[in-house]
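These notes concern the structure reproduced below.
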Amino acid sequence: MGFLPSLCKKFLELVEILKDADPSKRGTVVVLLQDMLEVVTDMLVNEISELAELNQSSKDTGRQVFAGTEAKPSIAFPPVITAQWEEQIRRLYLLLTVKESAIEVPTNGEVRRRIAFFTNSLFMDMPRAPRVRKMLSFSVLTPYYSEETVYSKNDLEVENEDGVSIIYYLQKIYPDEWNNFMERLDCKKDSEIWEKDKNVLQLRHWASLRGQTLCRTVRGMMYYRRALMLQAFLEMASEQEILDGYKAIIVPSEEDKKDKNSQKSLYANLEAMADMKFTYVATCQNYGNQKRSGDRRATDILNLMVNNPSLRVAYIDEVEEREAGKIQKVYYSVLIKAMDNLDQEIFRIKLPGSAKLGEGKPENQNHALIFTRGEALQTIDMNQDNYLEEALKMRNLLEEFNEDHGVRPPSILGVREHIFTGSVSSLAWFMSNQETSFVTIGQRVLAKPLKVRFHYGHPDVFDRIFHFTRGGISKASRGINLSEDIFAGFNSTLRRGNVTHHEYIQVGKGRDVGLNQISLFEAKVACGNGEQTLSRDIYRLGHRFDFFRMLSFYFTTVGFYVSSMLVAVTVYAYLYGKLYLSLSGIEAAIIKYARKKGDDPLKAAMASQSLVQIGLLMTLPMVMEIGLERGFRTAIGDIIIMQLQLAPIFFTFSLGTKMHYYGRTLLHGGAKYRATGRGFVVRHEKFAENYRMYSRSHFVKGVELTTLLICYRIYGSAAPDSTAYTLLSLSMWFMVCSWLFAPFLFNPSGFEWQKIVEDWDDWTKWMSSRGGIGVPSNKSWESWWEEEQEHLQHTGIWGLIWEIILALRFFIYQYGVVYHLHVAVGDHSITVYGLSWLVIVAVMVILKIVSMGRKKFSADFQLLFRLLKSLLFIGAIAALVLMFTLLSLTVGDIFASLLAFLPTGWALVQIAQACRLLVKKIGMWGSVKALARGYEYLMGVMIFAPVAILAWFPFVSEFQTRLLYNQAFSRGLQIQRILAGGKKNK
């Protein structure tokens with residue numbers, strides 16, 4: 001190794017002379033070549049005896065190697081100077097003389113990541129790539145509905161309520177890329193961009209390529225065609241054409257363009273070869289309607305086809321035609337391409353009826369399948385991206401269909417994803433790590449050795465012929481096929497297919513970056529798994545798998561959600577059981593008996609399991625995957641940072657989302673697609689919006705668990721200072737706090753006092769607004785409350801029965817607490833419980849009076865209505881005074897009564913909602929609505945008050961910003977300026 005520095009020095013001197021190409025330095029070139037030969041031979045002299053003899057003989061004879069004569073020169077110097085030679089020799093010289101650190105070049109983190117993955121993937125096992133002419137042909141299919149295609153100028157400029165525009169956000173999140181963009185446009189100031197239409201168009205594309213838009217997806221998928229043309233060029237071109245450069249072929253001269261259709265044109269041959277092997281179809285279902293209505297999305301799609309001539313667009317055309325003397329609506333599946341800056345129809349296929357009967361995305365895919373070609377089909381979602389270096393490996397991936405993967409050939413080739421939206425907020429980072437661990441180490445294990453991997457998303461490559469003859473690539477039945485992707489895997493496995501997974505190629509994927517978006521996505525997946533649990537596909541696979549494969553299949557599909565639901569149900573069962581034992585007095589006797597027998601080992605065992613409930617196990621797959629790819633030191637560091645950024649709160653909150661929506665789907669069905677949105681989320685969500693989204697899934701359950709814990713703390717017999725009690729209650733309080741306050745903890749500017757004041761005004765206005773026909777749920781509490789009961793209107797009789805049975809649990813509070821009041825000391829008869837219902841009846845009567853009074857007097861006789869409410873209030877106060885005087889009622893009894901009667905009232909509301917028709921017939925629906933509104937007010941105040949108190953202290957808001965955007969701070973981004981709002985410079 002000691003010879004290498006000397007060899008590098010000599011080689012560098014040689015390259016420097018070649019760069020200048022000075023004919024007078026011919027002798028120096030000969031000397032350098034001789035010195036390099038001597039260094040190399042000395043390095044190998046001890047290993048190869050023949051080379052040692054040759055070296056000795058050359059020294060003895062005194063023959064000058066590389067010297068030659070003027071008649072017969074041994075070296076060609078100076079070299080023939082061409083543009084390609086100058087470019088290559090200068091690049092080589094630059095690489096050898098660059099002084100910057102390897103860490104600083106390149107400076108962009110995304111570039112470093114892509115280079116690192118590509119170089120690492122070259123060392124993985126992959127099939128040998130065939131020639132382009134012999135490779136399998138394939139198609140790419142992208143379903144599109146009405147998402148963003150290309151951001152318009154107005155989209156970039158418009159500001160949200162915080163004063164932040166998309167372009168301002170992108171400037172701050174991608175500062176280095178923005179500077180490079182400004183340099184390419186030769187603009188010194190931001191205002192110069194808006195002066196020229198050409199620059200504005202490039203700005204629109206620059207912003208669109210950093211969002212989750214169709215433009216970005218099309219650009220990424222067209223890299224396949226570019227890669228195939230490059231690889232075909234290297235195979236088909238002559239040596240001289242290769243020396244001329246691939247760039248000259250891609251941008252042909254005028255002569256080549258004129259001869260483009262000729263067989264003699266290399267450029268035409270390359271295009272023809274790429275088009276034979278690759279087809280890209282974007283199935284834009286509503287393109288026809290968008291075009292007729294003048295929607296700018298139709299214009300943007302047409303521009304994409306013009307800029308990408310090989311792009312094909314499929315859509316459903318609705319036409320009114322006269323048949324048998326009647327005008328009927330006829331549906332066609334149409335394929336178009338761009339020609340002379342206009343769309344030209346290629347195929348038109350009449351459909352038997354409307355193609356929008358089932359779930360939207362699979363119906364959108366199915367109608368366009370007929371337009372795809374080739375042996376393979378890759379399905380790509382609208383929020384995905386691709387990279388040129390990954391497209392170069394597509395030939396290798398397609399060869400997997402011809403490789404040996406066990407008894408059966410592969411029918412689906414799984415491809416890993418890279419989540420490109422996890423670089424700003426902590427939430428996006430959590431979600432990115434979770435998704436990355438699933439699409440890498442998770443699916444890798446599912447494919448081999450478990451053999452239970454299915455189709456979970458859109459990068460996978462299908463054996464097109466296999467699936468076309470066995471039911472297609474997706475099922476579209478409404479409701480049951482909400483998660484349409486995985487049913488393609490079920491269908492393939494049931495029909496003797498084989499699903500594999502491959503790590504050496506990846507596709508970019510955008511994910512949701514805000515808590516509300518993440519929750520909507522997880523709700524959709526949980527509802528989809530609920531429908532899967534009820535599907536015949538799960539039933540058939542469970543019956544046909546062997547025992548071990550069946551267990552693997554269960555725990556990697558619906559079993560995960562069953563387990564998540566059981567975790568929450570176990571907490572409920574534990575607390576309700578403890579509460580019943582404590583209120584009945586049995587717990588004290590059990591504890592006394594256990595102490596006599598010695599129960600310390602049992603306490604230790606029960607206390608140790610509480611550590612599992614804090615969400616630590618959710619991070620273990622991330623530790624393994626980060627450790628494998630970037631080292632275990634990095635993995636441990638990332639996990640510690642995630643704990644400091646309160647990742648357990650996020651994962652515990654997600655547990656509540658999965659449990660609620662999965663359980664509701666099992667009981668009542670009614671799963672539906674939830675649009676999550678794919679925009680840039682660094683904005684504050686209002687309290688009313690968070691309340692609408694999480695009221696039933698988290699807040700109600702969190703308040704219920706809080707009530708359980710408080711009741712057990714008051715009436716329980718366990719020692720509060722014992723270790724077992726502390727750990728068990730701590731884990732449950734952690735769950736309660738996560739469910740109640742995570743939406744505000746992970747909400748940007750969630751503890752700013754001004755935002756808190758605005759949120760309170762907005763929430764009270766929403767709560768007091770009256771509903772009605774045409775009033776949306778985000779404008780009125782009544783409309784939202786009605787929407788929240790839609791699942792009860794469509795469920796079956798058993799769903800209503802289970803809803804009533806589950807609501808009966810709230811009566812336990814009243815039944816147990818009333819016997820612990822000072823008024824009922826020593827009396828354990830059923831009469832006490834019966835008399836306690838008089839309070840409930842009195843409250844219902846008062847609510848009925850108020851409801852009737854509001855209808856009759858509130859509009860025209862407001863003074864009379866206020867007088868009525870005053871009389872009722874005075875009567876209630878008088879009743880309390882009499883009870884204090886005559887029945888020895890105490891202040892403690894009043895608080896205990898609240899713990900007893902508030903859950904009972906909520907149970908009556910739940911039962912009334914399940915028996916809606918009956919309650920309306922007896923005329924009590926208005927009272928139920930008034931009672932429910934009161935509970936919503938009470939729950940909202942309970943949740944809002946702690947947030948408002950913390951917002952009084954300015955350091956809480958600063959701490960939250962640092963916690964939520966630590967990823968941005970670590971990259972040096974100016975996240976405070978984004979949160980504070982920015983003004984565009986025009």
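Note: Cβ is positioned from N, Cα and C throughout, glycine not excepted.
Taken straight from TrEMBL:
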| type | residues | note |
| --- | --- | --- |
| DOMAIN | 1-98 | domain 'Callose synthase helical' |
| DOMAIN | 105-192 | domain 'Glycosyl transferase 48' |
| DOMAIN | 196-801 | domain 'Glycosyl transferase 48' |
| TRANSMEM | 553-575 | transmembrane segment |
| TRANSMEM | 604-623 | transmembrane segment |
| TRANSMEM | 635-656 | transmembrane segment |
| TRANSMEM | 724-746 | transmembrane segment |
| TRANSMEM | 797-818 | transmembrane segment |
| TRANSMEM | 830-850 | transmembrane segment |
| TRANSMEM | 871-889 | transmembrane segment |
| TRANSMEM | 895-915 | transmembrane segment |
| TRANSMEM | 935-955 | transmembrane segment |
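Among the listed stretches 553-575, 724-746, 830-850, 871-889, 935-955, the one sharing the most Cβ pairs under 8 Å with the transmembrane segment (895-915) is 830-850. Mean model confidence of the domain 'Glycosyl transferase 48' (105-192) amounts to 88 (pLDDT, 0 to 100 scale). The transmembrane segment (724-746) and the transmembrane segment (797-818) are not in contact, since fewer than 3 Cβ pairs between them lie under 8 Å (pairs 6 or more apart in sequence). Non-local neighbours of the transmembrane segment (830-850) in the same chain are 814-815, 818-819, 824, 868-869, 872, 876, 897, 900-901, 904-905, 908, 924, 926-927, 930-931; each lies 6+ residues outside the stretch with a CB under 8 Å from one of its CB atoms. Helix, strand and coil residue tallies for the domain 'Glycosyl transferase 48' (105-192), in that order: 43 helix, 9 strand, 36 coil [DSSP].
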